[in-house]
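Engineer: Here's the feature list from TrEMBL:
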type	residues	note
BINDING	21, 22, 53, 54, 85, 86, 199, 200	substrate binding site
ACT_SITE	84	active site, proton donor/acceptor
ACT_SITE	198	active site, proton donor/acceptor
Ligand code: DGL
């Protein structure tokens, strides 16, 4: 793809919000944006040809994310949300330097702040991909936020969970057993907060709750990101005009092709209030 973009930004109020993730995980963020900003249209891009990003190198993640952001720009988006902790960890500064003049770019970092502020045991756990822990964003939040509060952050990682959500297996007995294995040491350590540091993981909340009942409070970044999108749009005077009885609409694009399972998965993951369509398979 030619990386020189035409120098115009989409400043139309009715232009879509672009949301990107390595796979279907970013739909957990889309869900929150739809709740918070129901008049907006969303273009969702899932790089399913390359999921999972969690095991890729820093350079690979950066390059794939840049391609996705350019693609969303060409679709006429007025703002882009990198709804992937892993992609944000390596790409946010780079993307803002490269494309920040075209449109605002919002990224994600695990929601450590509310956990740090509310923990009673002074121990919180973060579940994220290995790549997210390698990145500087999470290191900064631990250094500048958790440490001064005397809160210990326990890092937990697994490469198995993203594929489970991609395959729609988040509620199976096998998944619950795996979660038990991964998370039991955290509960034993005395952590009272579990931060879901990957946008795929909110889809595992029900299974985590089933296995651990109320032993830990679970937090994720979805609502905070949706509020931030609203603030940035308002600041730039780019909010879509309110329409009577409007329903959020999401057009979903997949780089890795589309199967009947994709359809089933979207029905499982997106709330029934959202009007969505599989726009098309795209290989850029
Ligand atoms: N949803 C991505 C995240 O938030 C998943 C990363 C992956 O593809 O491994 O980190």
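Each Cβ is built from the backbone N, Cα and C atoms, and glycine gets one as well.
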Engineer: Give the helix, strand or coil assignment DSSP yields for residue 21 (substrate binding site).
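Structural biologist: Strand, per DSSP.
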Engineer: In whole Å, how far is residue 84 (active site, proton donor/acceptor) from residue 53 (substrate binding site) when you measure between their Cα atoms?
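Structural biologist: On Cα coordinates alone, these residues lie 9 Å apart.
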Engineer: Taking the Cα atoms as reference points, how far is residue 86 (substrate binding site) from residue 198 (active site, proton donor/acceptor) in Å?
Structural biologist: 7
Engineer: Using Cα coordinates, what distance in whole Å links residue 21 (substrate binding site) and residue 198 (active site, proton donor/acceptor)?
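Structural biologist: Cα-Cα distance, residue 21 (substrate binding site) to residue 198 (active site, proton donor/acceptor): 10 Å.
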Engineer: Can you tell me the CA-to-CA distance separating residue 198 (active site, proton donor/acceptor) and residue 85 (substrate binding site), as a whole number of Å?
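Structural biologist: Spelling it out, the Cα of residue 198 (active site, proton donor/acceptor) and the Cα of residue 85 (substrate binding site) are 6 Å apart.
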Engineer: In whole Å, how far does the CA atom of residue 22 (substrate binding site) lie from that of residue 84 (active site, proton donor/acceptor)?
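Structural biologist: Counting only the Cα atoms, the answer is 7 Å.
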Engineer: Could you state the CA-to-CA distance between residue 199 (substrate binding site) and residue 84 (active site, proton donor/acceptor) to the nearest Å?
Structural biologist: 6
Engineer: Starting from the substrate site formed by 21, 22, 53, 54, 85, 86, 199, 200, give every other residue of that chain whose CB sits within 8 Å of the mean position of their CB atoms, in sequence order.
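Structural biologist: Sorted by sequence, the hits are 23, 25, 26, 51, 52, 84, 87, 129, 132, 162, 198.
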Engineer: Just how spread out is the substrate site if you go by the largest Cα to Cα distance in Å among 21, 22, 53, 54, 85, 86, 199, 200?
Structural biologist: 12
